[in-house]
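Asker: I have a structure here, written as structure tokens, and I will follow up with some questions on it.
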Amino acid sequence: MAKRSLSSLSAEELCGKRVFVRVDFNVPVNAEGDITDDTRIRAALPTIKDLIDKGARVILSAHFGRPKGQVNDAMRLTPVAQRLSELLGHTVIKTDSCIGSDAQAKAQSLNNGDVMLLENVRFIQGEEKNDPDFAKELSELAEVYVNDAFGAAHRAHASTEGVTKFLSPNVAGYLMEKELQYLQGAIDSPKRPLAAIVGGSKVSSKIGVLESLIDKCDKVLIGGGMIFTFYKARGLSVGKSLVEDDKLELAKALEEKAKSKGVELLLPTDVVLADNFSPDANSQIAQINSIPEGWMGLDIGPDSVKLFQDALEDCQTVIWNGPMGVFEFDKFANGTNSIATTLSVLSQKGCCTIIGGGDSVAAVEKAGLADKMSHISTGGGASLELLEGKTLPGVAALDELD
């Protein structure tokens, strides 16, 4: 079901109202505590700026790291408040806690257009337990709820789900709306042919996604370390490559399922091998039926890149989740970079290209092609669960579109 969005609320409905906005500000920081990538902060700006323009009193809630219900000074949101202040061009008010007298007093004293950032919501144990008393206390800060934290939407926590029971309306922010539009749209009503490229090292972490995508897609292309589990299941020798021996039957079953549904399931035909797992390992290219003992596959080979490019050529929608190899090592990044380049070209031709979270986002950004894709998801686990066809609690809690 489609969810109600912030765009449905007018300035008249929001002016002077305190609006609780759950955002995803779980940004990477270096040893000094400086933010190394502010993408997630910038992704929330359209929602925050719209609320400011409509005269709302904006109360932002976010988590950072895994403090496990304890106050941890290294996980305070102070650097985030500073960066957000710079991006907005005016001071963001920061609280010492997400509940209690300081938060209440600052919320009550907000003026129209002010922005306040609550301290790390995971400092309170009730957040991850979805404690109704804690959710109620959060709700008392505001009158309207907006969820713009797609990256946390797969968690039924107090700030993503529990709080909606005490506030109304509960709507999606613009980032959440865009994520659902692209990811849900690709699953429910894609322009076809629809292809999925699934990579990563383990079949076990992508079982649900592969099961679901084989049901929905016209083509499924598999790369990354998980290919060796499929090869071993076919009876091929894989040398020292990563294999999940307890998933061999599953790999066979997935190939059978694709065959029975008439879905084109493509695996690489050649691989780039290394004699050890390091950036400066010796390397060679081998066909999949002639991988020598003592070598491990760390990337898809050039023939496979061509095979995948040809398969994608006529596609109208492509979802990519997971790299083709160990792209962090330059010697073994060609497969991943080639797929990124291919998708950027397809995008320019009108194909809808969706980078579905996690390492594939990092790969596209490393290749400098992020701005060439139709949509880059901000959710890791949330993207996977949505592609698996699961209900996301943070989305389910929002008001239905009339």
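Every residue gets a Cβ built from N, Cα and C, even glycine.
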Asker: Asp24, Phe25, Asn26, Arg40, His63, Phe64, Gly65, Arg66, Arg155 bind substrate in Swiss-Prot, but which of Arg4, Arg83, Arg122 does that record place at the same site?
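Answerer: Answer per Swiss-Prot: Arg122.
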Asker: Which whole-number value in Å describes the distance between the Cα atoms of Ser360 (ATP binding site) and Asn26 (substrate binding site)?
Answerer: 18
Asker: Tell me whether His63 (substrate binding site) sits in a helix, a strand or coil according to DSSP.
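Answerer: His63 (substrate binding site) sits in coil per DSSP, no helix or strand.
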Asker: Given Glu328 (ATP binding site) and Arg122 (substrate binding site), what distance in Å do their CA atoms have, once rounded to a whole number?
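Answerer: Cα to Cα, Glu328 (ATP binding site) and Arg122 (substrate binding site) are separated by 31 Å.
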Asker: Fewest neighbouring Cβ atoms within 10 Å: which of the binding-site residues Gly65, Gly297, Gly358?
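Answerer: Looking at the binding-site residues Gly65, Gly297, Gly358, the Cβ with the fewest others within 10 Å is that of Gly65.
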